[in-house]
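Student: Handing you this structure, nothing more for now.
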Amino acid sequence: MSHKERPTFYRQELNKTIWEVPERYQNLSPVGSGAYGSVCSALDTKSGLRVAVKKLSRPFQSMIHAKRTYRELRLLKHMKHENVIGLLDAFSPATCLAGFNDVYLVTHLMGADLNNIVKCQKLTDDHVQFLIYQILRGLKYIHSADIIHRDLKPSNLAVNEDCELKILDFGLARLTDDEMTGYVATRWYRAPEIMLNWMHYNMTVDIWSVGCIMAELLTGRTLFPGTDHINQLQQIMRLTGTPPASLISRMPSHEARNYINSLSYMPKRNFADVFVGANPMAVDLLEKMLVLDTDKRITASQALAHPYFAQYHDPDDEPEADPYDQSFESRDLDIEEWKRLTYEEVISFEPPVFDGDEMES
């Protein structure tokens, strides 16, 4: 594989899938599979760490698949931050572009996600501060690269025993309507403007999700468990009140404006009455996150400086990302072109320097 010393690969069948990986990865054990690939845990004999090896499923099956494969690889390669999942290795058993059909990505093996944590224990306010601080610290970094997560929810937040958190699966979500229909967690954390196509959305769709997650950590229950889009919006407005005229008039969608105007007026509730017993600083922050008007919603950077995080906030240790070139998003290339670009990204991958201080879960 060009300038890299090519390792020795070995083959093994797991769950009716052939895995072909470098010898440094041993003890492969299936941990799950989804639409876009299967994941095994493995021991990385080089670092001594348990890692997650993901084999992408039919990465170049269609133009959409091929572009998504390229997107995932580019995003993961770019992310170098303690609170964001990054890439430890990328490889393919192929020795040339002509034989390049499989892509494998290696990341840290994350133990629990925030869902497990919430179910198991009532969190103290200090726990909530630390967890939400880390989400916002990761988001500041992601947003500074002009990347929007779009699908932040408890299952996309990995947490280890020390309460250290990493954001997973960002920037990939281009969710279809079917995936958002019905009583689904995917939608419960979604900002109303993205769920209902109100208008062009911005980075703060992720802040809305953080507000929903933070409320859930404080109360132990889902904030807006809507049964469908309409019920979800009703639950949201019971808290936020109906959108002000100034916001409705800025919605490009005629349908959206008509629908909102047809709703009976609802006043905004006093958040202190809803989150009884919560730290007043936490309530104040929630009020700034769960705002219908995206122009008035707090940003990740601003939220980090909120007094609620006084014991964690350190402006010198909340880094931003290098610029991320995503001009490829507007390109319509054929499968072979996306494949060639992906191949180049795989062979040019430089593994991170292991500092011995990485989080194990």
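Cβ from N, Cα, C; glycine included.
Just lifted these from Swiss-Prot, have a look:
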- 25-309: domain 'Protein kinase' (DOMAIN)
- VAL31, GLY32, SER33, GLY34, ALA35, TYR36, GLY37, SER38, VAL39, LYS54: ATP binding site (BINDING)
- ASP151: active site, proton acceptor (ACT_SITE)
- THR181: phosphothreonine (MOD_RES)
- TYR183: phosphotyrosine (MOD_RES)
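Walk me through where these features lie, including what they touch and how far apart they are.
Tutor: Confidence for the domain 'Protein kinase' (25-309), expressed as mean pLDDT, is 91.
The Cβ of SER33 (ATP binding site) lies under 8 Å from the Cβ of ASN15, VAL39, SER57, each of these being in the same chain and 6 or more residues away along the sequence. Classification of SER33 (ATP binding site) by DSSP places it within a strand.
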Student: At a 10 A cut-off on CB-CB distances, which of the binding-site residues VAL31, ALA35, VAL39 has the highest count?
Tutor: VAL39
Student: Which residues, same chain and not among VAL31, GLY32, SER33, GLY34, ALA35, TYR36, GLY37, SER38, VAL39, LYS54, have a CB within 8 angstroms of the centroid of the CB atoms at the recorded ATP site?
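Tutor: Not counting the recorded site residues, we get LYS55, SER57.
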Student: Could you round the CA separation between VAL31 (ATP binding site) and ASP151 (active site, proton acceptor) to a whole angstrom and send it over?
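Tutor: VAL31 (ATP binding site) to ASP151 (active site, proton acceptor), Cα-Cα distance: 22 Å.
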Student: In whole Å, how far is ASP151 (active site, proton acceptor) from GLY37 (ATP binding site) when you measure between their Cα atoms?
Tutor: 18
Student: Give the number of CB atoms, excluding that of GLY37 (ATP binding site) itself, located within 10 Å of its CB.
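Tutor: Excluding its own Cβ, the number within 10 Å is 20.
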Student: Roughly how many Å lie between the Cα atoms of ALA35 (ATP binding site) and ASP151 (active site, proton acceptor), rounded to a whole value?
Tutor: 16
